[in-house]
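Down below is the structure, laid out as structure tokens.
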Amino acid sequence: MHITQLNRECLLHLFSFLDKDSRKNLARTCPQLQDVFEDPALWPLLHFRSLTELKKDNFLLSPALRSLSICWHSSRVQVCSIEDWLKSALQRNICSRHESLVNDFLLQVCDRCPNLASVTLSGCGHVTDDCLARLLRCCPRLRALHLENCARVTNRTLTAVAAHGRALQTLHVDFCRNVSAAGLRRLRAACPRLTLRAEHSAAMIPDQLPRGPHAPGAALRKLLLR
């Protein structure tokens, strides 16, 4: 029996065992399999292990998406986490190649995936409060938001959770240095039923703008403490 003789349900089941690249390669072999690849039912979950994967065309964003994770574990994450005013020209150049990738991708998610229930972002040093606030507004069924080592996340994201995260049951903001203890207290008071975890976040040194002639020395001490 040829694979194209299988019914739609069997083909979807077969595709479900393949990774994104394998699904795309198989879909290229004939229009029938391409049609299966483009079936939203095949894509309830997406996991990305690097930012470059976000630029590929080997997946589908649709209202069927329920779970999304972007986990970037790379030495370049440390560069992204450095405050902009402390970065060298080389470091700024490195960041310029990918700094908008996650935000741009999440904006697409906001437009196409209103039924999203779970989001995990790890090592996404350029994701912004504004982007996360929009995600909360556009995905009203979001129940779990896990943020780890996202340097630009601040108390504004906590405020957005209180305002727009009506369905949110779990929030993790681990190793997010610009989230403060005061911001966490306000969120706990506003959302007492929310399961909130903030491992090390409030204890880390937050971003500071350079002040006065001694700023470079302070900046060096801060880098050494990280």
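Yeah, the Cβs are placed from backbone N, Cα and C, and that goes for glycine too.
Copied over from Swiss-Prot:
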DOMAIN    1-46  domain 'F-box'
REPEAT    15-40  repeat 'LRR 1'
REPEAT    43-72  repeat 'LRR 2'
REPEAT    95-123  repeat 'LRR 3'
REPEAT    124-149  repeat 'LRR 4'
REPEAT    150-175  repeat 'LRR 5'
REPEAT    176-201  repeat 'LRR 6'
Dominant neighbour of the repeat 'LRR 5' (150-175) in 15-40, 43-72, 95-123, by Cβ pairs under 8 Å: 95-123
Tertiary contacts of the repeat 'LRR 6' (176-201), as residues 6+ beyond its ends and Cβ separation under 8 Å: 147-155, 157-159, 161-162, 165, 168-170, 207
Average pLDDT across the domain 'F-box' (1-46), rounded to a whole number: 95
Secondary structure tally of the repeat 'LRR 2' (43-72) (DSSP, helix then strand then coil): 5 helix, 9 strand, 16 coil
